[in-house]
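What Swiss-Prot says about this one:
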{"type": "MOD_RES", "residues": "Thr64", "note": "phosphothreonine"}
{"type": "MOD_RES", "residues": "Ser118", "note": "phosphoserine"}
{"type": "MOD_RES", "residues": "Ser174", "note": "phosphoserine"}
Amino acid sequence: MSKEIPTPYMWSYQPQMGLAAGAAQDYSTRINYMSAGPHMISRVNGIRAHRNRILLEQAAITTTPRNNLNPRSWPAALVYQESPAPTTVVLPRDAQAEVQMTNSGAQLAGGFRHRVRSPGQGITHLKIRGRGIQLNDESVSSSLGLRPDGTFQIGGAGRSSFTPRQAILTLQTSSSEPRSGGIGTLQFIEEFVPSVYFNPFSGPPGHYPDQFIPNFDAVKDSADGYD
């Protein structure tokens, strides 16, 4: 029975090309049961068979169906497209220029200054109200508390938790075309689950995968010394 339970082929990764560099059986994972009795041997074989079933199920879940097990160039539709991390830039602040922008520009929040007379009061005081398109109706005590940039805010005003002397611009870049070719380490782990190859030497030699031969060359995509 032990011969019917193969040792899985563990894939290795070729980082420069983003391809699988072949696979080999890892005999270090085999349990030594040479001096064990029939009961222990049966338990060991049960563990090995259960491990292989888990690997076969995992491969069925995460492996992308494809004709070529280890394609030389993965199409863009099958490659994970990773978005680069955003870049944050701190911009200088110019309070006077921002106030002028607030008073003369169209904006979604904030506004310009005008003097109004409150009911029951004989004095004129400064209030700030939005001009043009305004989605909020908040008042602030000082025009310096307004943030025309607002870190892309749509409503609200005032200093809140923002630093009035600091403005932050976030830049997000992306590729103009989807990437193709090699795959990354995360996708490699999902695509190349340890392979369970039953009866590897029972068929014709030409049917044995080149990737399982020890001297397989990932660059040449062939095994040295084999036609």
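Counting begins at 1 with the first residue displayed.
Here the Cβ of each residue, glycine as well, is placed from N, Cα and C on the backbone.
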Original post:
In sequence order, which residues at least six apart in the same chain have a CB under 8 Å from the CB of the residue listed as 'phosphothreonine'?
Top reply: Leu78, Glu191
Original post:
Per DSSP, to which secondary structure element type does Thr64 (phosphothreonine) belong, with helix, strand and coil as the options?
Top reply: coil
